[in-house]
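Presented below is the structure to which this report refers.
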Amino acid sequence: MESKKEKTFKFVVVGGGIAGVTCVEQLSSQFASEDVALITAGPHIKAVTNYKQVSRRLEEFDVEEKPSSVLEEKYSNLTIIHSAVKSLRTHTHCVETADGRVFGYEKLCICSGARPKLLTQENPHVLGIRDTDSAQEFQKRLSTAKRIVVVGNGGIALELVYEVRRCEVIWAVKDKAIGNTFFDAGAAQFLIPSLEGDKEQAAAPCKRQRFTTEEPAPDASGSALGPDWHRGIELQGQTPKPDTGSWPVYVQLTNGETFGCDFVVSATGVVPNTEPFLHGNNFLLADDGGLQVDDHMMTSEPDVYAAGDVCSACWEHSPLWQQMGLWTQARQMGWYAGRCMAADVLSEPIDLDFCFELFSHVTKFFNYKVVLLGKFNAQGLGSNHELLVRCTKGQEYVKVVLSGGRMVGAVLIGETDLEETFENLILNQMDLTAYGEELLNPDIDIEDYFD
């Protein structure tokens, strides 16, 4: 392979998603006189737009598909190679693309993302939604569908079930509540009226509940979630009619029920897209199949880094952070990987970025603003925690996770304006025992109180 090498680049990044694009932009701007390459299979790349820093840790942005040429126009030292990766030879620092070309690298970053974990690989009536192409295929099929079955309980499933119109939706979830990846049963109950089209007027805050949990909450994990992935796509089927005939496909559930439908949406998570890189190399893999990376985003192979859904963060995590397949973390990892590659080339020290100190994510579900902070579902805390909850039906849902009297996580649904205050309380680890339930008293301006 080495004899066929067409060109050697200082940096090569594989993947045109958020992690890859963020990484390659970081490197192209910092090393303007060095050759940088982005290898991506498609003609479009994912770009961050409308970026907004909400607080020290929280950030909001949109994701748009743009022609890859916009990157080449912006960075004169960047070459876009339109092809998939066929193989990688780490011992010779070479990448071979599907069209037979070979490129050398000094530093490589793998940002190949993940692929849907389909219920079955061969059935044409089972569809996974991961990228723009699959979303458009879903729109096309939905336009003539009368009934679909959605399997899964992550972000894609949540938004899909909410957005689909004029088509009967059977939603199959194995959990006791919807949105188990992001919410507890209380938050799910708050959201259900939106799902059912209940437009009741806002009510006064209900009585705040305080309770402890007896069993550990499951670790949060789920499919990659893009902000407003459905925007600009008309998710509308045919008006459902009585079930009088046969269906193209039938789904049998573990509860014994069987449903016929036009097609099945498999939204049951993703699998790291590592396959092209493993053969002939010695990558260490995590339990989820992702490439293990250390606190400098380095894999077990020399000069090879990874970022986004393809990798698993295998350093000792902050007690307030966990990895989830989200666009926000893909951007953060891509940016940090670029900085780590640069630091290595320049022989400069680099500390773990502060974005890995506290998990923070802001998105929208069912047209509500949703902010998740820290151990928002009490992940890994066992029974050693208690919850404070405030709920105003149709308006807001606020949950605080306390451990040892200190705030370690929070879920904010609606326009609560509490995210910055709670972020500070979590990071400062102030003992809040003395405040008790007054912490969520709607008559107290908590922002001024802790300012």
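Cβ coordinates come from backbone N, Cα and C, glycine included.
What TrEMBL records for this protein:
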- 10-167: domain 'FAD/NAD(P)-binding' (DOMAIN)
- 203-244: region 'Disordered' (REGION)
- 249-334: domain 'FAD/NAD(P)-binding' (DOMAIN)
- 364-429: domain 'NADH-rubredoxin oxidoreductase C-terminal' (DOMAIN)
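Per-residue pLDDT, averaged across the domain 'FAD/NAD(P)-binding' (10-167), gives 92. DSSP labels the residues of the domain 'NADH-rubredoxin oxidoreductase C-terminal' (364-429) in these numbers: 10 helix, 33 strand, 23 coil. Across the domain 'FAD/NAD(P)-binding' (249-334), DSSP helix (H, G, I), strand (E, B) and coil residues number 15 helix, 27 strand, 44 coil.
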